[in-house]
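Enquirer: Please find one structure pasted underneath; my questions will follow.
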Amino acid sequence: MAAMRAHARRRHPHALMSRAAGLPRLSWFAGLTWFAGGSTGAGCAAHPALAGLTAGARCPAYAAISASTARPAATALPAVAASTARPAATAGTTPATGASGSARPTDAAGMADLARPGVVATHAVRTLGTTGSRAIGLCPSQPLDCPRSPQATLNLGSMGRSLDGPQWRRARVRLCGRWWRRSNTTRGASPRPPSTCRGDNVSMIELEVHQADVTKLELDAITNAANTRLRHAGGVAAAIARAGGPELQRESTEKAPIGLGEAVETTAGDMPARYVIHAATMELGGPTSGEIITAATAATLRKADELGCRSLALVAFGTGVGGFPLDDAARLMVGAVRRHRPGSLQRVVFAVHGDAAERAFSAAIQAGEDTARR
């Protein structure tokens, strides 16, 4: 065993996880190593600190995958599998699947091997592309759930964007000391496409501007520019309270007061939306500021994700009773949406009144797109 460890250190130094990368020290066989040149190697060991990506076992509560940055990226690398009781798999083969790619049952001896700590897993783990980084680890508090999966696919094509199996739930992936959050997806579903405007780790939010009555929009949630006491007495707030009925104001009173820049939800009452998210943009009758508008927008987006909303209508915060300049409010709100890393949220509609408001928000969206392209 000592000789094998020494050989691994000489041959595959990148398989060792260092504390400098923010990961705990693991044994040499805890990592999955791969080669772009078509050769095979040992990989994916069932270490006591890890649960192997194998049939009959849950996906790891903490999996470490190391990849060499010196190798060129590949669209589909050969399967890597090895066992202390079986010869290593030939490059391009997949021991856990048949010729058609369908799952093949595992024999009892193989299952017994997988249950023993320290024995190299017999099932293939395929890597697609490269992360351009040394290591990736799964947060131990959010394990993936892949019961009885004969083959798991680690898609490392875009900085650890996805780690998929037949069944999985939300997970967080640690990459080079930073947290990247997976989209909130139902079991068995495929992740949504990555964003092209704010980074590969988040999903795209469609931005729209409409001159519309926010109380008539059939979306998951609409927003209300409220005061900290949630008394909906004037402007858009009064229109929302009238359209929602007495239940909306009753719920608001129960949840009041809230702090400036905070957001709470109530039911939408008689309106077609499911929720109303009330964001406190000012004190009762008082002015607002750019910092409050930015904080209120961010809090509204987070609340929409917490509620599992896919679509959200935003009104122009602070531009009515608050007296904040329309162009500045549009720029701040669009910027907050672009910085937001969504969970369930896919569509944001800016519901505005008048041509001036429509031009302001449309210009803010266009300016953000021009900046992203540069």
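Each residue's number is its place along the chain shown, starting with 1.
Note: Cβ is positioned from N, Cα and C throughout, glycine not excepted.
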Enquirer: Looking at 86-109, 182-205, which stretch does Swiss-Prot describe as region 'Disordered'?
Expert: 86-109
Enquirer: Across the domain 'Macro' (179-354), what is the average pLDDT of the model, as a whole number?
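Expert: Computed over the domain 'Macro' (179-354), the mean pLDDT is 86 on the 0 to 100 scale.
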